[in-house]
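Here the structure comes first, spelled out in structure tokens, and everything after it is commentary.
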């Protein structure tokens with residue numbers, strides 16, 4: 001016997017979270033809980049403002065329609081990426097497809113003071129990998145900060161993310177301030193320039209490896225082995241169903257590219273599922289999931305070791 005519940009939620013964010021030039025004051029989303037007999041599966045649907053094509057309201061309408069169809073026996077999935085991902089996660093839990101084993105390691109994310117990152121990395125066991133957002137300040141400053149971190153911690157490897165912020169000139173200004181001897185320890189720089197061709201040119205000219213992120217969601221993108229391209233960053237909330245995520249990971253691995261499962265600032269429930277997906281599909285690759293500290297609370301399922309309060313389902317607004 002099938003049954004379902006849908007919840008709507010809103011989590012206050014820390015004051016300094018800025019996405020695409022807009023301040024994110026709250027993270028808004030939905031949960032779906034599917035039941036079939038004794039089995040249960042959860043999924044999170046949380047479109048990311050400025051990145052997702054669909055709004056929270058559109059996702060809610062699509063989710064409620066899909067849930068009603070599922071209750072009537074339908075086996076299809078919604079088309080909106082965030083809804084398809086959340087629905088497919090709930091189904092994967094319900095049917096036991098999504099393994100319980102998780103990779104709760106996370107590459108620490110530096111969005112502000114590099115000294116904070118140095119302190120966090122000092123206590124980090126094993127390989128030291130961190131992520132730094134670049135492109136928010138002057139390119140020269142970004143280059144100096146990256147150089148400082150690589151100089152201060154000799155066994156550090158950095159993942160950088162520019163979100164297509166730079167012109168070719170600005171990208172070159174950044175590279176100019178990174179010691180050529182350190183550049184090999186930049187694991188990759190996500191989408192440095194506004195166009196793929198400019199990003200490819202940057203990789204050739206500087207020797208700094210790049211990764212595709214936004215490009216994966218463009219209609220003309222194809223997986224290819226290219227000079228200077230080392231990785232793809234897969235954000236499931238922006239990608240779509242679990243099957244589509246699996247297809248992209250497989251396509252990347254077939255070309256020898258690193259595939260990194262990455263957060264779209266999901267709640268703790270969504271992040272714990274991403275940790276399981278990473279352990280399942282990209283074992284041995286550190287996922288990019290260090291975003292929980294941007295929020296003021298957890299929900300339903302806590303992230304191991306987090307001191308943030310965790311709300312229970314009874315405290316959320318139920319829609320169905």
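Each Cβ is built from the backbone N, Cα and C atoms, and glycine gets one as well.
Feature list (source: Swiss-Prot):
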type: ACT_SITE; residues: 133; note: active site, proton donor
type: ACT_SITE; residues: 235; note: active site, proton acceptor
type: BINDING; residues: 161, 190, 213; note: Mg(2+) binding site
Other than 161, 190, 213, which residues of the same chain sit close to Mg(2+)? List them in sequence order, counting a residue when its Cβ is within 8 Å of the Cβ centroid of the site.
159, 160, 162, 163, 189, 191, 211, 214, 233
Inter-residue C-alpha distance, residue 213 (Mg(2+) binding site) and residue 235 (active site, proton acceptor) (nearest angstrom)
8
Densest Cβ neighbourhood among 133, 235 (active-site residues), 10 Å radius:
235
Using Cβ-Cβ distances, find the residues under 8 Å from residue 190 (Mg(2+) binding site) that belong to the same chain and are at least 6 apart in sequence, listing them in sequence order.
159, 160, 161, 162, 163, 210, 211, 212, 213, 233
Kindly assign residue 213 (Mg(2+) binding site) to one of the three DSSP-derived states: helix, strand or coil.
coil
Enter the number of other CB atoms within 10 angstroms of the CB of residue 161 (Mg(2+) binding site).
22
Here the Cα-Cα span from the residue listed as 'active site, proton donor' to residue 235 (active site, proton acceptor), rounded to a whole number of angstrom, reaches 16
Once DSSP output is merged into helix, strand and coil, the residue listed as 'active site, proton acceptor' belongs to coil
